[in-house]
Structure formats: C-alpha cells, structure tokens
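Undergrad: Attaching a single structure in structure tokens format; questions to follow.
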Amino acid sequence: MQELDLIIVGAGPVGLYAAFYAGMRGLSVAIIESAQVAGGQPQNLYPEKLIYDIAGLPAVTGADLTKNLLEQLAQISHRLFLGESVQKIEKEDGIFSVITDKSNRKAKAVLLTTGAGLLKPRKLGIDNEENLANEGKISYFITSLKEFEGKNVAVFGGGDSALDWSLMLEKVAKEVHLVHRRTAFRGHEMTVDRVMNSGIQVHTPYTFSNFNENDLELKKVKAEENLNFSIDKILVNYGFLTNQVSLAENLEVSRNGRVKADSMMQSNIEGLYVAGDASDYAGKMPLMSVGFGEAVHAINAMTKKLEFDHPLRGGHSSSIF
C-alpha cells in the first residue's frame, strides 16, 4: 500500500468524522479499527439509545448517528480497515509505520481516536452474577429494547447512562425501578428532572442485597431497612473499567492513561495527534461534540505541516462540495 498522508486509529464517531474532514482538506486517509463494525460505543454498546447533545440533531440513536457519519464519510476517498488491531506505532525518518496484526501501513501523520480504550463493564459484584448474565437476567448495556418489552426492570446506577436508559426503558417496560446508592444523581440536570417527573420508581439511597428467582431485595444505606419487589431483568450501569494501551514508545500519557495533547491536539511525538476520549489536556471535557472539534484542530494543524501552502484554517465546506 502506498504511503498515506494520514492514518486514523479508531473508527468511532470522532474517527469517522476526522477521516471525512481530512479528506475534505485533501489528505489521503485510511482508518484502522479493531472491531468488525465501525461506530465505536454508540454503534456497539447502545445502538438504540437516543443521544441529545449533537449539534443540529434534536435526538439521534447510536445506530443512526453511525449511519449518518458513514454516509458523510462516503463523500470523500478513503480506506476503512475493520477487524485489525494496532500493535504498535513506530516513527523513522519522519514517516510512521502503523503495525497491526495483519499489516504494516505507512503515513506522514497519525491520529489516535481510540476512545477510552478497551472497555469492561463494572459489575454488581455478587457470587452468581456470571450465571445470571448468561441467563439474560443481568445486562450491562442494551442492544435491543425489545428484550425488555413488558418486563419489570431494575436499573442500577446514578450517572447519565442509568438515567437515560431508565427513560428509554419506560417506553417499553412494564415497570422501571431506578436504584442509586446516593440521594443525588450525577447526570445532567435536565435528565434528572425528566426522571423525577416520570413514572419511573426511584429508590435512593439503596444498594443491591439479594436476587432470588424474580425477587429483588434492596438494602437502604446506613439503615436497617430493606425493600423487596418482583423483577424480570436487571440493568447495571456502573460505568466501565478502561484499559488504555500505549501504542508508541515514549508517548506521554496522563495518570488516567489518556494521551497528553497540546492546543493543536498533537502529542509529544511530532506528527502523532489525538482526539476524542483518548486525549487529555487542561479543561478536557469527554464529550462527543468536543471530540469533533478536537479532530478539526488536529487535521488543520497536520495539514499546515504536511502542505506548507495550506492555511491553518480550513475553508468552508459549502465552497468545496
């Protein structure tokens, strides 16, 4: 394969948009993704969940967002390699070698859009949890809301995922119980208000105590008080454990394993950029909408370095298409 201007590692939303923007700025680009399907977390973990904070889209599911991004990407020349895991990235004489389990591709610049890395759901921590998960009694994310139609569902968690899924499940489930170990939720204020004004039964501050057949028992925090009700399914939204793997030697990362970036989203290795949840800097906000902007910064910066007659600021898309 010929030497490219840019290789993007990771085909989540930020990676897909970055590839489109790179093509719009005239760069030759390839994307490498370890999963068999592009789209990252929205496509693979919550394809039916509604996302509300993408500019210009009042609400969009993870699956539809991925579909839209792929349609946008189809407007420019690119190559997308799925099912390839990047093992390491090396740089020699100003050229990067991106070595995967299947190939060795070369580029003048690399953009990491690997998200939070390898994700492993946090579990309830009970003895028979694996068996209950195999039986479909316990889930950690939802790929199809149909599995919960007409069911009594308990959602454990206090963040945005637990709140959002509770609202989504209310539309299809018979009953939804939201269980949080604290009295206050950590999600967006508007979402918390929607939950509190819905038909969702909120139980705070309670924790899991026991689950036998369909009988769920909760224990009140710092009190000798239990609560029992019938449940068909449990959804655990305690977040994910992340495993960030450093792909390049001497790449500077922060304490949380994310790659340190400057104001132009470049790492300490010249020509190696980062955007989205894989990046870290002062004031970092781990939001998809922010990641799109970070990708634009990175692409414009590398375009300026690769093509010295190009301005740092890209033109308007309306003048290109």
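Cβ from N, Cα, C; glycine included.
Quantities reported herein were computed from a predicted structural model and do not represent experimental measurements.
According to Swiss-Prot, the feature FAD binding site maps to Glu33, Gln41, Tyr46, Val86, Leu119, Asp277, Ser318.
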Undergrad: Does anything in the same chain, at least 6 positions from Val86 (FAD binding site), have a Cβ under 8 Å from its Cβ, and if so what?
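TA: Non-local contacts for Val86 (FAD binding site): Val9, Ile32, Ser34, Val98, Ile99, Thr100, Leu247.
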Undergrad: Determine, from DSSP, whether Tyr46 (FAD binding site) sits in helix, strand or coil.
TA: coil
Undergrad: Can you name the residues of this chain that are 6 or more positions from Asp277 (FAD binding site) yet have a C-beta less than 8 Å from its C-beta?
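TA: Set apart from Asp277 (FAD binding site) by at least 6 residues yet with Cβ under 8 Å, we have Val14, Gly115, Ala116, Arg258, Pro286, Gly291.
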Undergrad: How many other Cβ atoms sit within 10 Å of the Cβ of Leu119 (FAD binding site)?
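TA: Its Cβ shell of radius 10 Å holds 16 other Cβ atoms.
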Undergrad: What is the number of other Cβ atoms found within 10 Å of the Cβ of Tyr46 (FAD binding site)?
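TA: A 10 Å sphere around the Cβ of Tyr46 (FAD binding site) contains 20 other Cβ atoms.
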Undergrad: Which has the fewest other Cβ atoms within 10 Å: Glu33, Gln41, the binding-site residues listed?
TA: Gln41
